[in-house]
Amino acid sequence: MKAYQREFIEFALEKQVLKFGEFTLKSGRKSPYFFNAGLFNTGRDLARLGRFYAAALADSGIEFDVLFGPAYKGIPIATTTAVALADHHDIDTPYCFNRKEAKDHGEGGNLVGSALEGRIMLVDDVITAGTAIRESMEIIQANGADLAGVLVAIDRQEKGKGELSAIQEVERDFACAVISIVSLSDLITFLEEKGDTAEHLDAVKAYRAQYGI
């Protein structure tokens, strides 16, 4: 695990974005941890969040032309990531996001920001069922662009309804890399290093044994 990944987990815990306990997911599964990126909700939080997304992008080595943030949660993520890439990596990247409802006046259309062209890096908070990615792919393809990859905050590394995770299904269906700032494996490593979280560690390991990929 790299330093920025460890720092991201600490940041998420500090902001209570990442919590350990017992949580019922939409799928009905009882999870020993929960991640709610909506709690990164101040200017300082967003600035820090962008730096972690930018670090993961730089670390990945994936080449892309435009950042795309799907409405709604992806919009501030794309914006802060673009700022962080410029400020901390000297990479001036165009960014774009979509409207849920197309605008019929002014500039019109359902896209805001740069043109959606070339190789697109999609940024979002998490992938659960992959629905948002599929909707975004329709927009990307309609503009004649290609999906270079997807970056999310956390990869839960757990099976969906079949044997694959939602992330693995996206990788299979769209032939692109899906990367994350951290994964469930990183969370487990973090808990092992902490040494004072045996209760949470055992619960997370048991969850991975049951649902992990």
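Every residue, even glycine, has its Cβ placed from backbone N, Cα and C.
Here the structure is a predicted model, which means the values were calculated and not measured.
The 5-phospho-alpha-D-ribose 1-diphosphate binding site annotation in Swiss-Prot covers Lys26, 72-73, 99-100, Lys103, His105, 124-132. The orotate binding site feature in Swiss-Prot is assigned to Phe34, Phe35, Thr128, Arg156; the stated evidence is sequence analysis.
Taking the features listed in Swiss-Prot, we show where each one sits on the structure.
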| residue | record | contacts (Cβ under 8 Å, 6+ apart) |
| --- | --- | --- |
| Lys26 | 5-phospho-alpha-D-ribose 1-diphosphate binding site | Thr128 |
| Phe34 | orotate binding site | Leu18, Lys19, Gly21, Phe23 |
| Phe35 | orotate binding site | Ala12, Val17, Leu18, Val126, Ala153, Ile154 |
| Lys73 | 5-phospho-alpha-D-ribose 1-diphosphate binding site | Ala37, Gly38, Asp124, Asp125 |
| Lys100 | 5-phospho-alpha-D-ribose 1-diphosphate binding site | Ala71, Tyr72, Asn110 |
| Ile127 | 5-phospho-alpha-D-ribose 1-diphosphate binding site | Ile133, Val150, Val152, Asp155, Ala166, Ile167, Val170, Val178 |
| Thr131 | 5-phospho-alpha-D-ribose 1-diphosphate binding site | none |
| Arg156 | orotate binding site | Val126, Ser165, Ser183, Leu184 |
Cβ-centroid neighbourhood (8 Å) of the orotate site, Phe34, Phe35, Thr128, Arg156 excluded: Leu25, Ser31, Tyr33, Val126, Ile154
Around the Cβ of Thr128 (orotate binding site), the count of other Cβ atoms that are within 10 Å: 15
Secondary-structure category, per DSSP, in which Phe35 (orotate binding site) falls: strand
Coarse DSSP state, helix versus strand versus coil, of Thr131 (5-phospho-alpha-D-ribose 1-diphosphate binding site): helix
Maximal Cα-Cα distance (Å) across residues annotated as binding orotate, namely Phe34, Phe35, Thr128, Arg156: 13
For Asp125 (5-phospho-alpha-D-ribose 1-diphosphate binding site), the number of other Cβ atoms found within 10 Å of its own Cβ: 20
Coarse DSSP state, helix versus strand versus coil, of Lys100 (5-phospho-alpha-D-ribose 1-diphosphate binding site): strand
